[in-house]
Amino acid sequence: MACRHRGDSGRPLSWLSASWRSLLLFFPLVTSVNSIGVNQLVNTAFPGIVTCHENRMVVEFPRILGTKIQYTSVVDPLGLEMMNCTYVLDPENLTLKAPYEACTKRVRGHHQMTIRLIDDNAALRQEALMYHISCPVMGAEGPDQHSGSTICMKDFMSFTFNFFPGMADENVKREDSKQRMGWSLVVGDGERARTLTFQEAMTQGYNFLIENQKMNIQVSFHATGVTRYSQGNSHLYMVPLKLKHVSHGQSLILASQLICVADPVTCNATHVTLAIPEFPGKLKSVNLGSGNIAVSQLHKHGIEMETTNGLRLHFNQTLLKTNVSEKCLPHQLYLSSLKLTFHSQLEAVSMVIYPECLCESTVSLVSEELCTQDGFMDVKVHSHQTKPALNLDTLRVGDSSCQPTFKAPAQGLVQFRIPLNGCGTRHKFKNDKVIYENEIHALWADPPSAVSRDSEFRMTVRCSYSSSNMLINTNVESLPSPEASVKPGPLTLTLQTYPDNAYLQPYGDKEYPVVKYLRQPIYLEVRILNRTDPNIKLVLDDCWATSTEDPASLPQWNVVMDGCEYNLDNHRTTFHPVGSSVTYPNHHQRFDVKTFAFVSGAQGVSQLVYFHCSVFICNQLSPTFSLCSVTCHGPSRSRRATGTTEEEKMIVSLPGPILLLSDGSSLRDAVNSKGSRTNGYVAFKTMVAMVASAGIVATLGLISYLHKKRIMMLNH
């Protein structure tokens, strides 16, 4: 391909980064004569195609002008060559690409460029043609800062093309299809491209609106030609569009690359996260309404970016606004708009979304009267209980498929009879009460606007029994208990951590890593799971922490030794009595660990910590039971003698790590305000650094261990 550049060759080609979002439009004017003495060749219309982008135009010459293209140049209206104009002429492909800046003049809301073609076959090259070609100025007629961007709605994406006066003529606006035979829509790209008439397009997911010199195209996410990129629960939709019109030998093309993410954001106590799957594009900038923020500046503006397995943007909640809503208590968090600009296929493409955090539970029914004597919660739900009203057909209990026991659609009423031991009902003990809790959720009868993500209503139902309740003293006749199996099966142990010393509800496996700060105790419990024998007892041997999942990895921090508290840096491990709140107290061991125990010398906190314990199971009826007893008399204590072998000792580990942060962390207050369970974002943010740190620490520990072993061998 032969190329010719005009103007300052050091000037950057701004058209290379222009957006496909622009209107592609052809606007011909009559030709004029270059200078005195040059033969006039007057043409009423430029016979090629002009494509208008946001920052540049592309001129495609017809084959009949192929002999003249070698001597084509960009000139001003007087015929003088524009020396500052940097354009690229490609004689092989018969194209000319020129940026608006320095190559056009601004005339009544459009960019006007003049090109001159000289016939090299003419004597002394005295015959010339001049064409004035125009492109509309994108967004020039309105204050809309999102002009040239895809607008993402709940079920579709849209893009608006601008006209300049005179283009949206009556033939375009008429509904008569015969008047629009010159228009067609090309969807997709390359071999997958399909050409559709307007009527065909409107039956395949497209809609067209023309008003006030603008054309808006709405595209369903399932429309013909739309490509979907998926990763986990995130989805991105893309489709290249070309709106073509041919009339009187002139060609008009409106082209755009639409891009949209339609999934709701996820919110926690500190951040709002937007997930975008991998696709052929790279993030260029973010705009929250006050100007573009380059990727290199995101951290300074409270935005964190992850690029592993797609793209994740974490927005600090200080960037969000609050909205008082009838459906959200006390308020709803949202961003008024979020514009993301990507580099894709040598162009800049943008999309605008409107992120909102889903509402928290708006209604909580708490009454001891809900609990029945036969072990159920009876709950009535009315459609008018909220504004907007509920769609009672969508009511569900927890994560189960439990259905209402009574429906009265005319009265807008349903009734649930929720079993205390089914339908996902949870329970916990508090003082002398046992508390049962479940959740009913439904969709609104009148869904929110297309932009809103707030489509679900949640209601908590809770009841409790106290020691004075008659249910506790009721005698229930039942069949005789089956005889115990001779082989009880393998014994199962678990090591769990709790939010506080009440030991009511442990952290779930999906909540790891659990975030803790210096001076915060870590409440741990070792427990036997599948035994009901009151005569067996769980006895701790040693407990320790490591920086990896392997219990044998180095370095190690001891927290319990020989069943006794381990004093390290004046922060002693503390044991907690189990009490009578559990059925078999001897099947539990509870203690807490101070996070200062993991600060080593001048080093900082070992941020990811894994806990492990070795235990014995002793039979209190056995003559050797005294061998499993624990006697702690301070530093002079000796190791406990046991009658068991190492094979009978069992090791149990936490299901996940503890993430330790320093006191100065800016996330501490936000995490504490929501409880210790808000761990996901903070943990993920430091995970990459932790993997590297853990590897270094483990390697150094192994080298130290091998060095000591070698010295011992030499001494022997």
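Quick reminder: no glycine exception, Cβ is built from N, Cα and C everywhere.
Within the set N93, N268, Swiss-Prot records N-linked glycosylation site at N93. Looking at the stretches 421-443, 467-489, 559-581, the one that Swiss-Prot records under the feature region 'Disordered' is 467-489.
Bond annotation: of C52, C85, C103, C260, only C52 is listed by Swiss-Prot as forming a disulfide with C135. Counting only same-chain residues at least 6 apart in sequence, those with a Cβ under 8 Å from the Cβ of C103 (disulfide bond) are V74, M82, C85, T86, Y87, M113.
Secondary structure from DSSP puts C423 (disulfide bond) in coil. Counting every protein chain shown, 12 other Cβ atoms lie within 10 Å of the Cβ of C632 (disulfide bond). For C613 (disulfide bond), the nearest of the disulfide-bonded residues by C-alpha distance turns out to be C564; the candidates were C135, C371, C423, C564, C632.
Of all Cβ atoms in the protein chains displayed, 25 besides its own lie within 10 Å of the Cβ of C543 (disulfide bond). The number of other Cβ atoms within 10 Å of the Cβ belonging to C613 (disulfide bond), over all protein chains shown, comes to 24.
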